[in-house]
Amino acid sequence: MPLRPTRRAHLLVAGPSVVALGLLAAALPAPAASARPAAASAAAASSAHSVFVWYDRGATAQERSLALGAVRASAPSGASSSVPVTESVPVPAGSSAEAVAESLRGEPGVRFAIPDLPIHREALAPDALTAGLQWGLRNDGQVVRDDDLGIALRGVPNTDIDGPEAWKTTTGTRSTLVGVIDSGIDITHPDLAPAIWTNPRPVALDPSKPKEKDLHGWDFCHSDGSVYDPTEYFDDGGTRELNDLHGTHVAGTIAAANDGSGSVGAAPGVTIVPLKVFGVKADGSDCTSDGIFQALVYAALHGVDVVNASWSIEAADASDRAEIDDLFTALGTEYGMVIVAAAGNGVVDSHGVDVPVDIDQALADEAAGRRGVEVPYPAASRAPNVITVGAVDSRGRLAPFSNYGHHTVDVLAPGVSIWSTVPGALSKGDYSKAYGFLSGTSMATPHVTAEAALLRSSGTLPADEIVRRIETNGKPLRALPPLVTLTNDMADPYRALRPASAIRVTVAPPSVRTSGQSLVTATLSDGVSWKPRARQLVTPCFRIRGTSTWSCARAVRTDASGRAAVRVRPGSTLDVQWRFRGVTGAPAVSSDVVVVGVTRGVSLSIKPSSVRQGQPLRATGRVTDTGSGAQVLLQRFEGERWRTLLIGTTRSDGSFGFTARLSLQGTWKLRAYVPAGDGFTHSASSPRALRVR
């Protein structure tokens, strides 16, 4: 699918047509209906020439052959007879990429199948290579002059990400790998060279180029190991631009060395893995989105912790976005990967002006079948390990090019006049001058990528917890209109890294009979590193479900693993919460409320166990711990759920009975079900089989 780096839609750098920052009104403009219709990318989908396929673990050669045969496709030329992890499947003549992908998704052995479309980009060159100020890390109210935007803007103090304050906790560790999926990176830049990854086991990824190895990453655009091409330019609407500017600038914002010169990254101690996907092929065609997905899988298999995604994909089809969301989620749950995505730089309206997109509204228009702007993606992704970033200026105002959305954009970060590294080719090899300003949500995104890397460096937080900490530990921005993002906060690694506590609770078993016991265990840990907090007092508190009064038992001291436990013998369904009062360096915290359910005993007998169609059967049973009038449902399992056939009540001794006639042939499972009530959770009998002839 069409992939676009920033600026307007693409390698997300803002263009020179951006209006003066002081003109941004409090009410954000809605994009014109004529701006980039969604149908454009649907048309592009029909012209795609290949489909990215990720196979299941353990997929067999026969499954691969059957899958390709089902869509009349052949294996790529030069492909191995063994089943690869991923491959690009050519679209057969007379078919479309969308149809091939849809068909492959249902084939055994195929995990993901995503159409491949051309890349569109509108990158731009840096400003004059003069000394700059990194207001995004520390804003003292300094004036930042950006000749490209034609502004000299005095910032509002403390409108920054508190970079130096965060570094007092960690500057990142070299074992934390950050994948920059982008254009190339000048890995010889003195401010970047110390942070560039060296593959301990480099291999030739392209069998046709046995001497090309992935020593410092891979160029998925040209299929070689050169992640920086100083002579590669592309035509941007008549302007000749250096291809690898964008990736070099992004990498510097993340991890440029803290050496007192040039610029410094927000996480200067982490490692950058260059994964080049943007460029122009030897035949003059643009590289395609297939490279993005190949790079993501490569990153996962090489232990990359965080991926910077300063680009967008034209995914007009909701089913394609769902497929990519599933791929993102798998990368998070199986490999712990966090993906930080740019919100995007709006669309170009009928007057040629950049207009920001309300992503929430774009999704609503699509769902209602209204013709509107295309849904920015992965900005609109709801995968739990994806965090979407909008851009603000040094006064804390939403950048006039930045997309927004109360339910889709998670946080904001500095994205206007951002000073960072640029390739040495732009300064004729004089690296003392290889720095410059760029603006865009592409420039905001690496600030948050760096924050995620600092969090990963400080402990073993899972991907979705890193996203949660970033979302819930931002710095409020009071200059914003309401509902611009999920939080209306500036990302702030200092706040996200502050001492915190967390309590996770397990209940085993989650429900018991009135005479049974349940073990309720609390695990107290550091909320950043998730290391256990040992020898600390935690208090179990209880309330009867449906009431408001809590009662707390004696405090219990955690063991070396941070665990404490109590045995509960409830007479009624209980809410349970563990509480930690806090000590120096370990803030107080309360766990989520968990439920210890108390169930009734329910028995069921079906006679006869085999009947003819329409023949009456008798279902009888008993409910313990109840008298007359308790509701009982006779249910049959159909498909994936239980459906109610009859409703009755218990007699004074708790017994019940139903007479039923079933007309559908087959072997059915029946059960008696008692809804929650009177201090009990819902209860059900064991299923009973009934054959209808």
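All residue numbers here begin at 1 and follow the chain in the order shown.
Just so you know, glycine gets a Cβ as well, placed from its N, Cα and C.
Caution: TrEMBL annotation is automatic and unverified by curators.
A simple way to gauge crowding: the CB of D182 (active site, charge relay system) has 29 other CB atoms within 10 angstroms, across all the protein chains here. Marked as active site, charge relay system by TrEMBL: D182 (among others).
Under the heading active site, charge relay system, TrEMBL lists H246 (among others).
Under the heading active site, charge relay system, TrEMBL lists S442 (among others). Counting every protein chain shown, the number of other Cβ atoms lying within 10 Å of the Cβ of S442 (active site, charge relay system) is 35.
The domain 'Peptidase S8/S53' annotation in TrEMBL covers 175-457.
Annotation source TrEMBL lists signal peptide at 1-32.
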DSSP-derived class (H/G/I helix, E/B strand, else coil) of D182 (active site, charge relay system): strand
Cα separation, H246 (active site, charge relay system) to D182 (active site, charge relay system) (Å, whole number): 7
H246 (active site, charge relay system) to S442 (active site, charge relay system) - Cα separation in whole Å: 9
